[in-house]
Amino acid sequence: MKNKKEVYGFRKSKVAKTLCGAVLGTALIAFADKAVFADEVTETTSTSTVEVATTGNPATNLPEAQGEMSQVAKESQAKAGSKESALPVEVSSADLDKAVADAKSAGVKVVQDETKDKGTATTATDNAQKQDEIKSDYAKQAEEIKTTTEAYKKEVAAHQAETDKINAENKAADDKYQKDLKSHQEEVEKINTANATAKAEYEAKLAQYQKDLATVKKANEDSQQDYQNKLSAYQTELARVQKANAEAKEAYEKAVKENTAKNEALKVENEAIKQRNETAKATYEAAMKQYEADLAAIKKANEDNDADYQAKLAAYQTELARVQKANAEAKEAYDKAVKENTAKNTAIQAENEAIKQRNETAKATYDAAVKKYEADLAAVKQANATNEADYQAKLAAYQTELARVQKANADAKATYEKAVEDNKAKNAAIKAENEEIKQRNAVAKTDYEAKLAKYEADLAKYKKEFAAYTAALAEAESKKKQDGYLSEPRSQSLNFKSEPNAIRTIDSSVHQYGQQELDALVKSWGISPTNPDRKKSRAYSYFNAINSNNTYAKLVLEKDKPVDVTYTGLKNSSFNGKKISKVVYTYTLKETGFNDGTKMTMFASSDPTVTAWYNDYFTSTNINVKVKFYDEEGQLMNLTGGLVNFSSLNRGNGSGAIDKDAIESVRNFNGRYIPISGSSIKIHENNSAYADSSNAEKSLGARWNTSEWDTTSSPNNWYGAIVGEITQSEISFNMASSKSGNIWFAFNSNINAIGVPTKPVAPTAPTQPMYETEKPLEPAPVAPSYENEPTPPVKTPDQPEPSKPEEPTYETEKPLEPAPVAPSYENEPTPPVKTPDQPEPSKPEEPNYETEKPLEPAPVAPSYENEPTPPVKIPDQPEPSKPEEPTYDPLPTPPLAPTPKQLPTPPVVPTVHFHYSSLLAQPQINKEIKNEDGVDIDRTLVAKQSIVKFELKTEALTAGRPKTTSFVLVDPLPTGYKFDLDATKAASTGFDTTYDEASHTVTFKATDETLATYNADLTKPVETLHPTVVGRVLNDGATYTNNFTLTVNDAYGIKSNVVRVTTPGKPNDPDNPNNNYIKPTKVNKNKEGLNIDGKEVLAGSTNYYELTWDLDQYKGDKSSKEAIQNGFYYVDDYPEEALDVRPDLVKVADEKGNQVSGVSVQQYDSLEAAPKKVQDLLKKANITVKGAFQLFSADNPEEFYKQYVATGTSLVITDPMTVKSEFGKTGGKYENKAYQIDFGNGYATEVVVNNVPKITPKKDVTVSLDPTSENLDGQTVQLYQTFNYRLIGGLIPQNHSEELEDYSFVDDYDQAGDQYTGNYKTFSSLNLTMKDGSVIKAGTDLTSQTTAETDATNGIVTVRFKEDFLQKISLDSPFQAETYLQMRRIAIGTFENTYVNTVNKVAYASNTVRTTTPIPRTPDKPTPIPTPKPKDPDKPETPKEPKVPSPKVEDPSAPIPVSVGKELTTLPKTGTNDATYMPYLGLAALVGFLGLGLAKRKED
């Protein structure tokens, strides 16, 4: 098999990164690839954003989906277990060879039979056994050949002696025979003469005979002609008669045929009639049979139906009895619970009364102690005040003297301190300056010494390097004609090898394409994967491989329009030691054979040393490239003398599917070429360089195949290269290609030629610094002498105040037991319905049968003519007699030659056969996959980010093997496996380990020491070392399959078994049925368990968040202990601004509802408030919490893993949270999101969103029940006027989450100015939809659905909706109501009023209304309204519907005015049948109608 490099969509990268050709793919590792294990690749770092596909899993960290398996891995695994060739095993045959040689020398016929194939030994034991068999066989063959050879030698000697004796006797007999033979020859000549005369006479007679014979033949021919004439006439008449007879016969036969046809048709028709009759009869009989069967089945079905109905009826009656009994028992239990509850609450009330008495006694004791404390405290304060006055007088005198002394001392001190500060300032400045001088001197000295040391080290290094450089140049000169050396030795002064962090800029006038945009443009050119033209579809695959790499700038070059690509921020490049900071490439398309020749795609790399890709779409392309370098000052640099490498210039290495004769070349180089001795690249006209013929295949004349020279590590990579010497500031050359598809060229200073030294740059010696001199300090000032300060007075201590008594802790009364919940009764079962009987089928009718038709009679036969008599032929004349040839005299009998005596039969040459035996060995290999603990994880699951190790094992090499010259293992790693090169090297001693990033392939080559171990004793088996690949699996829901290839001595290759491991998160995984997306869920539910995601949630409601910890896909997981110790967590990032957590209600259960232990929950106010361990945990999982959060954690990760993770048991966390009451006053949306963290990997739930409605109750003042009437807020209400407080409740929006349990109006009115009349009305503010589907229209009177509580003493009215009514309202319906409280103004002044609307126990305050009542001009005597009799507050009163006459209905838009101070005699109806509001007409009418007594006025 030839080494073939397939061009397939990804260009190999070279460490040299030099200008190179169009081969795109990494060479596939195959058995025949011998020592070529991977194409040359370099790792590059890109800062560009790359779009990646994700798994669909809600992962927070590592969300990328596993990429497609590399082509190398795909083909390797497709051939898993396959073997190519084997290693020969040699067994000595020396004795056999000597026996064969001796036999040949003795004349024995030696036949070498076909070599006996002993097969392939796959183990050392098998090999040893087969070698023993071969050795035994060789010994046996040698012995048999020796025996045969010796026997044959003896037989040959005896035969030779007998042969010599017989030869002498035979010679004497032969001499006598020669004499007799001469006499015989003389007699023969005499007889021959007589016979010649007799022959002449015979020939004359023969001539006469032939003449007579001709005459007779002529007569016979004339007779024959006459006969033929008569025969012709006969045949004519015969033909006429035969024709007439034939026509008569034909007419007869036609009549017979027609008769037969008619009769056959009649027979067919009769047969059809017979068949139809039979079919009709059979159909009838079958129908009758079916009828009878259907009739029986229907009867049977009707019987079964009746039996089934009876059975269901019996079961219904049984179930009905059970349900009725169960409901009766439930009612009995409920009644018992109510009785017990009443008894408990009676006891609690008695105990609460005792507590109240104890609290009152404790309060009385406390009040007495407080009174005594206050008297004692007053006496102490008086004594302390006298003491304080005396102390203050003494203190004043002291402070006056102290002030004088302190001022004098302060003045002196200030003068001195100023002098000191001035002195300090001056000296500080001098010291600072001196310190700076000292520092500058020290820095200068240190800098100088460092530079001097560096200079000396650099100088020594330079001298050493210069000596090596000189020697290298001399060596290059001496070897310039040898393969791989420059034909003109040069040194390299340019360092331009790698700039991964360069900043690439392209002028904004040049359009940079996006991936999809460029893809669409190229497809519009006909380059498409669906194009039936294979050349164009193949060209698209090449283009797409480059276009999918987003680190390149995607450009379209237009003919003769230059495009500049500038790179700045260069860090690693220099020329003759001078730094290069910028490089500018100018690309100009000169020509192309593609389409109209005006455009071509190009891709500019982010690294200027990697440079660019361009396309030719299997046509031709020529691009001019100009290069300019700039120094740190921005000046153009002249790099004359620098060397650049033009390498990997392939020819004949194109796509076999299109045209292999692809050519890559450099043209119009404005520098000077320096050929490499032995290179295939030659200089041509126009200063171009390329190969004259194929340099890809030996069979086409190349010195090596491509795979033997076109790799980074190949010592022959100079074979496809030439070196360019720069001769001017602007470098210019053309990159040209033909039929290459994609071409990558890299412009840099890596040189493929051997022995090109880098010229060292001599260091510059540093200049010794000039040191500064330090300045002297100023002298210090003299300190002053100070006056002593006076002694301060001593204050007598105050008397301590008496201890204040502590207020006692009062006992809290116990709450009453809640009433028992009424039972929910089972519905009685539905009685069964009997299925109607099936009707009987219709009976079939017997058919009418057809009659058959008679046949036609046969026709009469014709009479024929007789045929004529044929003519008689006359016999021929007889021919004359032929003369007889004479009898000649016989020749005499010659003498008998003597019969020589038979020589003795020579001994039969024996034939000996021998054969050799062939034996091959195939060392077997095995791939194992393990976790970090060394546990086999093949065909199992492990967590994402787990360390996974691949062990590449080879069994012992067998005895008798050839010398091992190479032992190479190649492992194309699975996509998404993060390879750890350092750890792999550490785990793979005995091997040189290399990694090809482009193909994601690791190669292990046995070191020389390892090979020496293998070859120490070839006669014995030897155990092999095995390398281990170490890395991590990075993707969710990924399957990692892997095998490797072993190649020994470039001859034997074997591909291992395929191992597989899967990470959780893969739906429809055929290998792991439990595997699916790792998808934690979060659902908000109410207390009934209904999903309330997205619904309106009232303040004070409890959200029962249900968090699913999704673990089922981990079933069978075999993650390592290290992965398990990363822990298992669940994070709830709740909105603390809206919710309060309820840790007392948190529950954790498994899928079956069993409570789970070993999971703790911790709440943190913020990420910053959490421990660093928690912060690191969330950071690693890439989880960002917004504020407060809860963290659920497994206390013991290992136990948690065993019990739940490895068993695939998902958990359900119920995490209740209550909506803060204050949030209802502002309203708004709140969001909640949670995260699951397994093995350190995070997965997010969906965001749960709810909204809290803003409850905004409103209060108006009206004189009627008309909602459109004027609001008197801020206006005047007359004394004794009757009016209404309109209490408009908050709006509960539709689609709310919780049933309404409480909706109340609490009006704490000012009883000093207002008097509640005891009358109120409550109406629906909007349409209400009930659970049963009925609708209550807006404006409907709902007073009967409320209860009212009145506290006249404190001026409080509470109107509350009945709970059973509220719970009938559908959750999908909005709700709002308003209540009118009828009031009477009973005092003069301004009065303010606010009411509270409570919704599910949360209070919301309304606006405040203000009304003013002036002093009336002519006040009437008021008629007091009796205060309603206080009711039991525990038994709120339900207002009764008043019975009123039916007065004329007034227009509600024009309310009837109320007379001030005068009572009305009637109260109009407050509503019509359609629930339209009606105005109240006045207090007196209301009093008269309701029959209310006078109430005691509240006092101010």
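Cβ coordinates are placed from backbone N, Cα and C, and glycine is handled just like the others.
Segment annotation: Swiss-Prot labels motif 'LPXTG sorting signal' over residues 1467-1471 (candidates 512-516, 607-611, 677-681, 1467-1471). Looking at 735-761, 1167-1193, 1356-1382, the range tied to region 'BAR region involved in interaction with Mfa1' in Swiss-Prot is 1167-1193. Binding of Ca(2+) 2 is attributed by Swiss-Prot to Asp1110, Asp1112, Gln1113, and within the candidate set Tyr1077, Tyr1129, Tyr1134, Tyr1164 the record adds Tyr1077 to that site.
Here the region 'BAR region involved in interaction with Mfa1' (1167-1193) has Cβ contacts under 8 Å with residues 60-61, 1127-1137, 1141, 1148, 1159-1161, 1213, 1215, 1235, 1237, 1240-1242, 1244 of the same chain, all six or more residues outside its ends.
Here the region 'BAR region involved in interaction with Mfa1' (1167-1193) is broken down by DSSP into helix, strand and coil counts: 9 helix, 5 strand, 13 coil.
Helix, strand and coil residue tallies for the region '3 X approximate tandem repeats, PR1' (771-887), in that order: 0 helix, 0 strand, 117 coil [DSSP].
Taken residue by residue, the repeat 'Ag I/II A 2' (221-302) breaks down under DSSP into 82 helix, 0 strand, 0 coil.
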